[in-house]
Amino acid sequence: RGWGEMEPLNGSAAGRSDTCFGVFNASDAHNNAQNSITSPWFSTAFGLIGLCSNLFALCVLLSSSRKLSSRARSSFLVFLCGLVVTDFMGLLVTASVIIPYHFIKFAWAEVDPGCHLCNFLGFSMVFFGQCPLLLGATMAGERFFGINHPFSRSTNISKRRAWSIVGLVWGFSCLLGLLPVLGLGRYTLQYPSSWCFLTLLPDTGNIVFCLLFALLGIFSVLLSFVFNTVSVVTLCRVYHDRAAVQRRRDSEVEMMVQLVGIMIIATICWMPLLIFIVQTVLQQLPAGSRIQMLPTETQKMLLIYIRMVTWNQILDPWVYILFRRAVLQRVYPSLRPRPSILSLYPVLNPSLRRKLTAN
């Protein structure tokens, strides 16, 4: 079908451009209710697996944080804890709306005529979607400065300061999610009428918001890639240095392995959606504001990419659960605790070494 050949939704609110309804053909959604990609078991299974995984990871994180004395490791665990909490709450909030719809099949226009529930769900999708990407970039930046500038006073992040940074990320993502409520773009019901997200229609507000969301996410992933690449190269140089073979920074290596795993998962799960949003919005620019509805194929592709994003929230906690030294040492018994980052600098003034060790 062409961009403008779709039938409007039934109901007075369906065809209005200022509501959260009418951006796809609802009759197609009902006709394809048995389609595998719209099956309620997808949402139910993903939600339960993700909630259990993040809850388990949170318990492991809290248990590990009580046993640590290293400030660098403690601050990294704070960022990881913020990431796990974000993923857990994101799954909990979105699943509490999406899963009941799949089993009840309520009419959105009747249950939510003012679009308040749709706006809340759209805000949740943007907030809990952007937070992990920004937290991943923040963690990569913290490790970059911690590894490449280990003795800089600014790299000694306390737990309180780390939580403050996590709070700033949450606050920024919250502000981003509120932009449609404040007038920039709008959230609309998406195929198959079970969730709300940003609108891929070619008017100025929607275009700006879609590009802002997608480009910010792409920038976060690329920034994580740059920081992590430099950090990994630095650690590889240390690891293969003959004079430093016996002075490996196991803690730093462990953190980087986990961080690279998080980055790879975020790239695989998020980049297809972000690129699809940019591509779809830019392709519509020549059509101006004539497009009132999205074709079914576009909505189906958007749903498939959102399914991929859900895997990010499921796999993130397992990166920490599986790639810990306690687990890796069982697989590779040769891994043993070794001196920390200070061992890289054996020629340091003894008084400075004592001071840094005490700190």
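Placement of Cβ uses the backbone N, Cα and C atoms for every residue, glycine included.
Listed in TrEMBL:
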type     : residues : note
DOMAIN   : 53-320   : domain 'G-protein coupled receptors family 1 profile'
TRANSMEM : 41-64    : transmembrane segment
TRANSMEM : 76-101   : transmembrane segment
TRANSMEM : 121-141  : transmembrane segment
TRANSMEM : 162-185  : transmembrane segment
TRANSMEM : 205-238  : transmembrane segment
TRANSMEM : 259-282  : transmembrane segment
TRANSMEM : 302-323  : transmembrane segment
* Which one of these stretches, 41-64, 205-238, 302-323, has the most C-beta pairs shorter than 8 Å to the transmembrane segment (76-101)? -> 41-64
* Asked: Are there 3 or more C-beta pairs under 8 Å linking the transmembrane segment (41-64) with the transmembrane segment (121-141), counting only pairs at least 6 apart in sequence?
  -> no
* Would you mind listing the long-range same-chain contacts of the transmembrane segment (205-238), meaning Cβ under 8 Å and 6+ residues beyond its ends? => 126, 129-130, 133-134, 136-137, 139-141, 143-144, 147-148, 176, 179-180, 183-186, 198-199, 244, 247-249, 252-253, 256, 259-260, 263, 266-267, 270-271, 274-275, 277-278, 281, 284-285, 344
* Using a Cβ-Cβ cut-off of under 8 Å, list the residues of the same chain that are 6+ residues beyond the ends of the transmembrane segment (259-282) and lie near it. => 83, 132-133, 136, 139-140, 143, 198, 200, 202, 206-207, 210-211, 213-215, 217-218, 221, 224-225, 228, 231-232, 298, 301-302, 305-306, 308-312, 315-316, 319, 323
